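Notes follow the structure.
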Ligand code: GAR
């Protein structure tokens, strides 16, 4: 969409994304790059992190997107932290919540609040190698092909219905860092494409079967 002077304007129908990230934020950066195109259909309206040192905060700042730190250190227990992060996300009125390198487990109450609208990206081909070390575990197992998975979040750890996957070969001599960097190239493309399609076309879930559009 463009103004008469040729400048793009924000589509009023763009879906509102809140991105949760704990680390460097390269997946967030990819979403922020995509959302500048009004035709993308989704816009990052808020970034929430558990980590005051997350690179995601700088990325949000540079993109003019509001960000919030909800650190467990500032709460007396896990339940209070979970309520804090749930409220921090809710303030942005998200259509979808995207976990892009968010390294903490969210409580069932959070998952239920955003059921069907909570999307995670994981650096392995689920259901193989769930958890915090998907790349390391795949390498240790000796698989020849791994990859990344975009999936809906349920109350388990990386067990929710799969939306999209992309395969990445393991090369001789790969270490965890090398393999993860190659996976992240595929992951950024998959996440951007999948989230955009969900925003534009909708997501239909029947048990474990997920269809976009
Ligand atoms: C990504 O590879 C993401 O899949 C992974 O952390 C990385 C974050 O990269 N998440 C998990 O392992 C969650 N279990 P980024 O900070 O550069 O986006």
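Using the three backbone atoms N, Cα and C, a Cβ is placed for every residue, glycine included.
Because TrEMBL annotations are produced automatically, they should be read as predictions rather than curated entries.
Here TrEMBL flags 15-195 as domain 'Formyl transferase N-terminal'.
The N(1)-(5-phospho-beta-D-ribosyl)glycinamide binding site annotation in TrEMBL covers 25, 26, 27. Annotation for residue 26 (N(1)-(5-phospho-beta-D-ribosyl)glycinamide binding site): same-chain Cβ neighbours under 8 Å, separated by at least 6 residues, are 101, 184, 188.
Annotated (6R)-10-formyltetrahydrofolate binding site per TrEMBL: 78, 103, 104, 105, 106, 120, in sequence order. Taking all protein chains in view, 16 other C-beta atoms sit within 10 angstroms of the C-beta of residue 105 ((6R)-10-formyltetrahydrofolate binding site).
As annotated by TrEMBL, active site, proton donor applies to 122. In sequence order, 130, 134, 148, 149, 150, 151, 158 are the residues of the chain that are 6 or more apart from residue 122 (active site, proton donor) and have a CB within less than 8 Å of its CB.
A coil conformation is recorded for residue 158 (site 'Raises pKa of active site His') in the three-state DSSP classification, outside any helix or strand. Marked as site 'Raises pKa of active site His' by TrEMBL: 158.
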Most Cβ neighbours within 10 Å: which of the recorded positions 78, 103, 104, 106, 158 is it?
106
Winner by Cβ contact number (other Cβ atoms within 10 Å) across the binding-site residues 27, 120
27
Expected list for ligand 1 (Cβ under 6 angstroms, recorded positions 25, 26, 120, 122) reads 25, 26, 122
Close in space but at least six residues away in sequence, with Cβ under 8 Å from that of residue 25 (N(1)-(5-phospho-beta-D-ribosyl)glycinamide binding site), the same-chain residues are 54, 55, 56, 58, 59, 100, 101
Rounded Cα distance in angstrom between residue 27 (N(1)-(5-phospho-beta-D-ribosyl)glycinamide binding site) and residue 78 ((6R)-10-formyltetrahydrofolate binding site) is 26
Please work out the mean pLDDT for the residues of the domain 'Formyl transferase N-terminal' (15-195).
97
